[in-house]
Amino acid sequence: MGLTCKQPAQTLPHKEFCLQRATVPWESTSDCFRSVARQDNLGTHISKVHGDELSVAAASGNEAAVRLLLDGGNGLASEDRMHHRTLLSVAAANGREAVVRMLLDNGADMESKDAKGRTPLSLAAANGRESIVKLLVDNGAEIESNDVMGRTPLSLAAANGHESIVKLLVDKGADFESNDAMARSSLVWAAENGHEAVLKFLLNNGADVESRDGKYSRTLLSVAAANGHEAAVKLLFEFGANIELWDANNNQTLLSVAAANGHKPVVELLLDKGADIESTDGLDKTPLCSAAMMGHELVVELLLDRGANIETRSVRYIGRTPLSLAASMGHDAIVGLLIRRGACTDSPGPYGWTALHSAARYGHEGVVRLLLDDGADPNSFAGINQTPLNLAIEGGHEAVVRLLLHNGADTKLTSQGKCVDWTLSLIQRSRGELGY
């Protein structure tokens, strides 16, 4: 069987490669490929993804085209331009079993590696091509081959959630405890991406539920919680994972990890499992402080509903409260929520800064307005001559300055004691010099 073009290449839709089966001489087939490659869109696609007509044929699964091109003198070892993949790698990655069989029968190298060091087996495993994986393994492909990042076919399959391939490789003896160059095992990759079925299979086959990644020393629970994978977290608890173990990399409890990343369902699950709502991380932040600082309103609301202390202070964050942390980051919605729930707007930190000082210094007009509307003192002192107005002037925040002045800020309390006009002209001049 061969190939022919039944219509001019210019009139073919983009996805039709003009690789239709027919009995034609090699010369006609070659002309057809050249005609197709001249199409602007397809030519760009070929050059970017495969780079030559033989790789296109392998990727599209056209057995007849591959046979004709091989017979025409194109070698099995030829590689595409972008990824340096052989025909076998291209066919394996795209799940073209018939082409893979043909290439293996013609002596294709099963251990050839592309630019990332991935073999045909690695590519098939990563892309969920179960029949290809089985075919390659049955033909003796190396199941522990490593790519440039030290990742095996099993690691790639686990990371992408291909349970049947994970089972196949483990049944063939693949090592699920081995780590890649980032010190991550297949189990860690499955936890990070939330692949519950893969996790369950590996744990049922003896994987350690308390194993950590070697580089960051994170537990499986920490990895799953940080990425919001509620089902994976539940599964790990079923296998006896310890809720009290810390994320050694970020020096955080599981609850702080989930709260800081805004994963409300996981936070709720951890609280239901008995996590300490007032636990502190390595910077003395409670989960409420972390959620407020990172702008996760729903988590803040949940923690407050479950009894978190609204006036808790982070000692290593200069004794700042959740309100002060949210104000400094400009999280209007959270500031409003905390105010409605009774947070003290004029509570100072060790350096005397209130939430209003923080918001004024960083130019968060919306937060400043919320605080003033709730009665925050626009003339409160912090340190030497540090009023909210003075800090807004130093930051060049004209809108905040005007808002403070409108709400009774005293210009005599600025560090220079200058008049209002001088204050505004200073800001305008500063903005001009900075090219705002």
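Backbone N, Cα and C define each Cβ position, glycine as well.
Per TrEMBL, repeat 'ANK' is recorded for 83-115, 116-148, 149-181, 182-214, 216-248, 250-282, 283-315, 318-350, 351-383, 384-416.
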Within the same chain, where does the repeat 'ANK' (182-214) have neighbours whose Cβ lies under 8 angstroms from its own Cβ atoms, ignoring anything closer than 6 residues to its ends? I mean 6 or more beyond.
149-150, 152, 154-155, 157-163, 166-167, 170, 176, 220, 223-224, 227-229, 231-232, 235-236, 239-242, 245, 248
Short question: which residues 6 or more past the ends of the repeat 'ANK' (351-383) have a Cβ under 8 Å from it?
318, 320-321, 323-324, 326-332, 335-336, 339, 345, 389, 391-392, 394-397, 399-400, 403-404, 407-410, 413
Just give the helix, strand and coil counts over the repeat 'ANK' (216-248), going by DSSP.
16 helix, 2 strand, 15 coil
Mean per-residue pLDDT computed across the repeat 'ANK' (283-315):
94
Within the repeat 'ANK' (116-148), how many residues are helix, strand or coil going by DSSP?
16 helix, 0 strand, 17 coil
Summarise the repeat 'ANK' (351-383) by DSSP state, stating how many residues are helix, strand and coil.
16 helix, 1 strand, 16 coil
